[in-house]
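Annotated features in TrEMBL:
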COMPBIAS  1-21  compositional bias 'Acidic residues'
REGION    1-27  region 'Disordered'
TRANSMEM  35-53  transmembrane segment
TRANSMEM  59-79  transmembrane segment
TRANSMEM  126-147  transmembrane segment
TRANSMEM  153-172  transmembrane segment
Amino acid sequence: MLQQDSNDDTEDVSLFDAEEETTNRPKKSKIRHPVASFFHLFFRVSAIIVYLLCELLSSSFIACMVTIILLLSCDFWAVKNVTGRLMVGLRWWNHIDEDGKSHWVFESRKASPQENKTVSEAESRIFWLGLIACPVLWVIFAFSALFSFRVKWLAVVIMGVVLQGANLYGYIRCKVGSRKNFTSMATSYLGKQFLRQNTGEDQTS
């Protein structure tokens, strides 16, 4: 387990020793987890559709608000805990240690030549397209509600921005975390080599 030297105490670790992963399948473009792929888009797209059509479907603001928040909550849980792990081999969460200190953990499945063969390009496209496009739409809805003075909807659209934006941020950190660790380790190594070389020159002179 490698711990980054950042202020938010983030960590990058392997994803449960690459469980449920087979190493003898060729690389395929077809969808290997159709149920996960369906629910990755179902909850978030349904929340957007209900928001756009709520005034036509129901005259009750409370019913529409509760429905949208339930869909957003289900989407947040499913994407954070299930679809990210199955579709792209990533997962993130936060935990509190015994000292009460908060730690953000970003997991990625260890990549090897054999495991890379099992990656589905179609699932990866679906995952990242849904993960990026839907938060962008909620940001647009937030500005629209603000400028059109639909104040009662601001809480709903802000909830959409926060929940889906959190997943987007978490998975981006999972994706780039290993690169940051590699850069930090390389910089540290080069620094030590430079100091060692200078120390050796001083001793011989």
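In case you wondered, yes, glycine gets a Cβ from its N, Cα and C as well.
Comparing 59-79, 126-147, 153-172 for CB pairs under 8 angstroms to the transmembrane segment (35-53), the maximum falls on 59-79. Sequence-remote contacts of a segment are chain residues at least 6 beyond its ends whose Cβ falls under 8 Å from one of its Cβ atoms, and for the transmembrane segment (126-147) they are 31, 37, 40-41, 44-45, 48, 51, 79, 83-84, 87-88, 153-154, 157-158, 160-161, 164-165, 167-168, 171.
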